[in-house]
Amino acid sequence: MPAAFSGKRLRLLLCLSLSFSLSGGSPAERMMATQTVNQQTHGSPSDHLTLGHNISTPGPDLATKVFKQASGGNVSDVTFVEYEVLLPGVSGTSVEKNITLDHGTRIELSCRLDNKYSHLKSLQVTWKRGNETVRHINKTETSWSIQLRISDNSKLGSYSCTLKGEEEISATFHLQVPKIEGKEKPIISYEGDTAIMICKSFGYTPIAWTWYMTNGSEQIAINDTLLANKYVIHRISANVTHMKILKLTKEDSGVYWCEAAFELGKSKGKLKLKVLSLMVPLKPFLAIVAEVVILVTIIFLYEIYSKKKEKSAEAEKEFDQVEQLNSEESNGLENSSARHRKI
Amino acid sequence: MASPRHAGPPDGGWGWMIVAGCFLVTICTRAVTRCISIFFVEFQAYFGQDYARTAWIHSIVDCATMLCAPLGSLISNHVSCQVGIMLGGLLASTGLILSSFATRLEHLYLSLGVLTGLGFALCYSPAIAMVGKYFNKRKALAYGIAMSGSGIGTFILAPVVQLLIEQFSWRGALLILGGFVLNLCVCGALMRPIALKEDHKTAPEFLEQDYVPEAQKQDLKRMSICSPLIKVWSHECLCYCSWKEYDFLLMPGFMVLAVSVLFMAYGCSPLFVYLVPYALSVGVSHHQAAFLMSILGVIDIIGNITFGWLTDRRCLKKHRHFCYLFAVGMDGLCCLFLPVLRNFPLLVPFSFTFGYFDGAYVTLIPVVTADVVGTSSLSSALGVVYFLHAIPYLVSPPVAGWLVDTTGSYTASFLLCGFSMIFSSTLLCFARLAKKIKRTHLQSLSSDTHTKQHVWTNGAIAYSVTAELDQKDVEFLAVDTNSYSNR
């Protein structure tokens, strides 16, 4: 009996520890996370339930981003995102935040004043997009927020909240489509060769890709079915597109654009192509070959010259030795004849 | 026509030109091999292949360079060092030029992998052997300077190759790199052959003048049989030549060295491949990981030169073998500690130590080989030693990768590398101890009999006593008799 009970307690402990570990992060973060996350387990399964890391340090340019699950019926296929900015107490400085959206969302932007500045009285808050003022501001004790439904390109832009009191404090949210990066350095290729241009989208999946070439100041879309033996466009994966240009000529040099179409708009990346002739790398190559040939010739000539010098030095030495031997022999002969004579 | 016989290695003079030539050879072979990986991103984009298939090119080049090293020493022994290296330079350059016109990745495997690798192999070991022939007292320093070419070359060539790719695309860059590699022909021209009196294995160095003519006669006889330009290539001539060249293979000292080199190459190669991924996995940023590799490279160069200079000092010269196994052992120890180093401030001293001792033992490999087999067969022996590097280089990184995948951490593979290197150094240590015991035993034997005879030996008697001993003992006794005769 005690064994079974202890077993159950163990299992309970395990379950508890598992749930703690699932809520992720370090203990400090975990406590913060439970404050701001709405764990509504009843809801449409298509929504994402992500626990955000709520790092609320008193820095002016840190925002907390928290995902909430949609609890409604007819917007169940759209995620709801909340962005919050902590305002600095210092006037004159402006806080900016870039938010990237690739599909329709309901979004809540809020400006929150830190607790230490709550002594600032008589604050008037306005939300603006350009010159247009946004109504329906939700106000709490320290935060002011607006809710927007972004469904197409016209709703994107810069939204700013301004707090007018004794001083003026403002923050701006920039809502944009995802940016596509092209290549700053030009792609080099050669006449007759094939050039491959690659465009990638990081993190967001575009609906379609289109390639444009620049003719003067116009941008002309490239139709690869029409010019199938010149251009080949491949969508390698959802986020990557390739364009191959075959049989390059000098006229193909120029600027090309790859455009990614998202639900909320389009985004372009710039690529430059430069077509060189084969002579261009050949010149340095021939220069190096010439240098090698010259050096090898010099070294071999020097070797032959030093060998000749050694040979002549040796020949002289031998000549001297032979002469010495001869003189010794003649001396010896004289000595022996002298001895004979003496005897 | 024949160059004069030198009394011993010149230790200077034209020798420094040889060192410069070997330095350039190391740049053109090892550094260019490492820089080939810079092209991989371009190859991947152009040919539409993934990283694994493009990385094969680097493996093929490395493998071909090491596997064909014996071929390189064979050609330079039989024909001439100059011709061998120039031929290698032409082959490597042709490989690079052909690969600039490649239309498929498989063409690159053949031209950039096999042909260039073969060309590099024909240059690398003969050039290193040549340095050993020209230097004796300052051998380790000369090797240090020559081997530092791979580190310095990588340092300089990497940004240059990147610039070339940006300016001329990979095709143009490969073409220009082919031209650069043609400088191997210049290095080949510099490698003037030198005929040393010790270029024969029948008579030890310390013998007196009147004994030399007979050894010379034997040497000439051997050279005339083996020279293919003069006589007909008969079957027995080939067998005799190749046997004579490779009889160091049966030397016990060389066999121990070969086995230890196998384990050492097995241990050191995965580290360069897996240091950056390991650093990234413990939370080091990309920039810091790249910085670790740069430290490794730069300290490698410093280790090359300083360790070479150090082991040339008279006090350490006798203990060169010990310095070599100390360097290998320290590298192994560093590897063992690596799994517990889990942040950037701890990995930096690891890079320093590992890089330094890696440079150190690379410098000493040719020196130790020369000490074991002597200068005449150094070329062939180096060919075999570098050949023995090839299989571990090929096998070890994939095995380490498999270990990482199955165990989920880098600990097992790093421990295996560390133990492999420590085993290599302990093997050499034991072999040395065994030799020392044998030598002291022999010394006690020879010191009993005829000490007085050594003073007036005319070579014949000394030769009969030393005939059974191997090279090292001959040198030892040479030192002994020299000290006796100097009194």
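Here the Cβ of each residue, glycine as well, is placed from N, Cα and C on the backbone.
Counting only same-chain residues 6+ beyond the ends of the transmembrane segment (B:14-33), those with a CB under 8 A from a CB of the stretch are 58, 61-62, 65, 85, 89, 92, 120, 123-124, 127-128, 130-131, 134-135, 142, 145-150, 152-154, 156-157, 177, 180-181, 183-184, 186-188, 190-192. According to TrEMBL, the transmembrane segment annotation covers B:14-33 (among others).
Annotated domain 'Major facilitator superfamily (MFS) profile' per TrEMBL: B:14-436, in sequence order. Confidence for the domain 'Major facilitator superfamily (MFS) profile' (B:14-436), expressed as mean pLDDT, is 83.
Within the chain, the transmembrane segment (B:83-102) has long-range Cβ neighbours (under 8 A, six or more residues past its boundaries) at 25, 28-29, 72, 75-76, 108, 111-112, 114-123, 126-127, 170-172, 174-175, 177-179, 181-185, 187-189, 191. Under the heading transmembrane segment, TrEMBL lists B:83-102 (among others).
Look at TrEMBL and you will find B:108-129 (among others) tagged as transmembrane segment.
Annotated transmembrane segment per TrEMBL: B:141-165 (among others), in sequence order.
Here TrEMBL flags B:171-191 (among others) as transmembrane segment. Beyond the ends of the transmembrane segment (B:171-191), by six or more residues, the same chain brings 17-18, 20-22, 24-25, 28-29, 32, 35, 39, 81-90, 92-97, 99-101, 112, 116, 119, 123, 126-127, 130, 161, 164-165 to within a C-beta distance below 8 angstroms of the stretch.
Annotation source TrEMBL lists transmembrane segment at B:254-277 (among others). Panel annotation: around the transmembrane segment (B:254-277), residues 248, 289-290, 292-293, 296, 325, 328, 331-332, 335, 338, 351, 354, 358, 361, 365, 368-369, 372-373, 381, 384-385, 388-389, 391-393, 395-397, 399-401, 404, 410, 413-414, 416-421, 423-425, 427-428, 431 of the same chain, lying at least six beyond its termini, place a Cβ under 8 Å from a Cβ of the stretch.
Marked as transmembrane segment by TrEMBL: B:289-310 (among others). Residues of the same chain lying 6 or more positions beyond the ends of the transmembrane segment (B:289-310) and with a Cβ under 8 Å from any Cβ of it are 140-145, 147-148, 150-152, 154-155, 272, 275-276, 279-280, 316, 323, 327, 344, 347-348, 351-352, 354-360, 362-364.
Residues or ranges marked as transmembrane segment in TrEMBL: B:322-341 (among others).
Among residues of the same chain six or more beyond the transmembrane segment (B:347-369), those with a C-beta under 8 A of the stretch's C-beta atoms are 128-129, 131-132, 139-140, 143-144, 147-148, 151, 257, 261, 264, 268, 271, 275, 279, 284, 292-293, 295-304, 307-308, 311, 320-321, 323-324, 327-328, 330-331, 334-335, 337-338, 341, 378, 381-382, 385. According to TrEMBL, the transmembrane segment annotation covers B:347-369 (among others).
The feature transmembrane segment is assigned by TrEMBL to B:381-404 (among others).
Feature annotation from TrEMBL assigns transmembrane segment to B:410-431 (among others).
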Tertiary contacts of the transmembrane segment (B:410-431), as residues 6+ beyond its ends and Cβ separation under 8 Å: 252-253, 256-257, 259-264, 266-268, 270-271, 274, 277-278, 281, 321-322, 324-326, 328-329, 331-336, 338-339, 396, 399-401, 403-404
Proximity of the transmembrane segment (B:381-404) to the transmembrane segment (B:141-165), 3+ C-beta pairs under 8 angstroms: no
